[in-house]
Amino acid sequence: MKINTTFKLLLVLIALAVFLRVYNFSFPAFTTDEARIAFRGYELYHNGVDELGRKLPFLFNSPDDYELPLVSYISALGTGFFGKSELGARVPFIIIGLILILLTYKVATQLSKEKYYSLFSALILILSPVLFFLSKAPNEYIVVATLILLLFYLLNKDRLNLIPITFTIILLFLTSKLSWFIVVPFVLYTIFVFRNNLNIRDKFKLSLISFTFTILAFVLFIQVPQGARSLAENNLSFFSDISIKNGIDWIRGQGLQSGWPPAVERILIGKALFLPIGFLHWLSNIQPAVLFGQFSKDTSLSFSGMGAFPKVLIVPALLGIAFLIKKGKRSLLLYPMIVVLPAAFIYPQLKSQVILFALPFIGYIIAFGLFQVNKIMKSLIIFLMVLELSVNFLFLSSEVNIMAKSRPYWIKPILLDASSVTGAGVFISDDIVRDPASFIEWFTPLKPQISAPDLKFPYKYRQTDFGKVKLLGLSDNLRLCQPGEVSSFFVTQRDLERVKKMGANTFIRTYSEDQGAVVVYRIEGEVCIN
């Protein structure tokens with residue numbers, strides 16, 4: 001193939017990737033985590049503080065865990081140029097997604113000199129719905145996936161350059177704690193197994209760099225007041241999950257009741273059981289049902305009924321595995337397992353987004369499989385994968401309805417109405433969505449009144465007070481208002497009856513989610529919160 005022809009075809013693929021992301025630009029709607037990062041980026045650029053009023057912090061707060069800094073500051077670049085808008089929030093991550101596709105193409109040229117192989121590898125990733133979803137919203141996973149592939153490319157260049165390799169590792173460690181569990185096995189496997197022709201000196205240097213920065217990351221993070229707790233709850237939760245502990249204790253109890261010798265019982269049924277269970281959980285995250293069936297249960301990361309790739313690609317995936325084993329190139333097959341290594345330690349709250357790290361490597365395997373079939377079969381497979389994705393793009397309205405809980409389009413008009421109420425206190429049920437504070441900050445001009453500038457490292461801090469708008473929790477006590485006071489409630493079914501019993505009986509309207517079910521009742525009366 002002529003170089004100019006290759007370049008032209010690559011431009012066509014990039015144009016296709018851009019079109020898929022620009023078409024229906026506001027789809028998919030943001031999750032609460034994505035909205036929080038978008039608003040935080042806006043605050044960082046325009047006011048130099050995060051959503052809690054802290055001056056350019058290094059660690060950020062979320063309802064679940066600490067968040068590392070790189071993604072938030074990337075988000076600040078977009079909102080700095082384009083303001084508090086979907087364009088500002090999405091553009092930086094669309095660009096990162098395009099860089100990932102270009103890296104996929106570039107790495108493919110290292111793996112095979114076969115005609116069109118690199119182009120097919122890029123096309124497969126372009127048509128991955130998971131990559132499409134995660135490259136249109138602020139999140140750490142698309143950044144980590146891009147940096148992992150960049151690290152792979154740098155480690156496999158003919159001439160090693162330790163400076164960009166070290167810089168890439170540092171960026172990974174500033175993006176997500178998940179990378180702290182991936183970098184060492186990833187680097188060691190690459191230099192000792194996948195590319196075993198490196199000299200001993202280079203292997204030693206690369207090993208030392210990966211170990212040093214990994215140890216440094218853990219040591220520094222543990223110094224944070226809630227650092228050890230954060231790791232235990234969010235990255236090593238498998239070893240503290242109460243359901244697994246109870247299961248092991250129950251089996252032990254049954255053994256003792258059956259007359260097993262206590263010593264034998266401790267040997268056979270102990271904490272070592274965590275290891276095989278963790279291994280199975282690790283493997284379950286890259287099984288065919290996830291990759292080619294249904295990627296996420298709430299369909300927040302893929303179209304309904306679609307996996308990480310179109311279903312027809314399971315055929316070339318199997319052919320690719322067989323080809324690599326036959327040709328003695330089986331070392332590539334283990335990369336999908338290595339990059340999802342955190343799944344062995346996180347249970348049950350592992351996020352499906354982690355599997356994004358493996359998609360480029362699975363794409364390479366699929367591309368090898370495509371070259372094992374004739375041209376007619378190859379053309380048919382490509383046609384079917386394009387057709388499946390096209391059908392989903394043509395019926396986006398149904399996808400919006402299915403994602404009503406995880407990606408709520410419907411919450412914006414509710415929050416805008418609440419923020420525009422005058423002459424009354426406004427209360428919103430805090431179970432309307434998960435962490436509604438993020439959506440209030442992103443969709444309305446309101447800002448939290450109770451900030452935490454004096455908290456250096458707030459952990460799982462939740463905002464509830466936005467001046468005239470406050471979040472109503474289940475534990476909040478209601479009372480009759482003082483003369484002249486009046487309140488406007490935007491309540492879910494959870495709070496409706498107790499608000500009515502206190503005297504708020506003036507119905508204004510109801511709000512429905514995308515599937516038509518009523519989710520919020522606007523009701524007014526002389527009821528206040530203590």
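Each residue, glycine too, has its Cβ placed from N, Cα and C.
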With TrEMBL as the source, which of 117-135, 269-287 is set down as transmembrane segment? 117-135
Identify the transmembrane segment range according to TrEMBL, selecting from 9-25, 332-348. 332-348
Same-chain Cβ contacts of the transmembrane segment (354-373) under 8 Å, 6 or more residues past its ends? 100, 103-104, 107-108, 111-112, 114, 117, 120-121, 124-125, 128, 130-131, 134, 141-142, 144-145, 148-149, 178, 182, 285-286, 290-291, 295, 308-309, 313, 315-324, 332-333, 335-337, 339-340, 342-343, 381
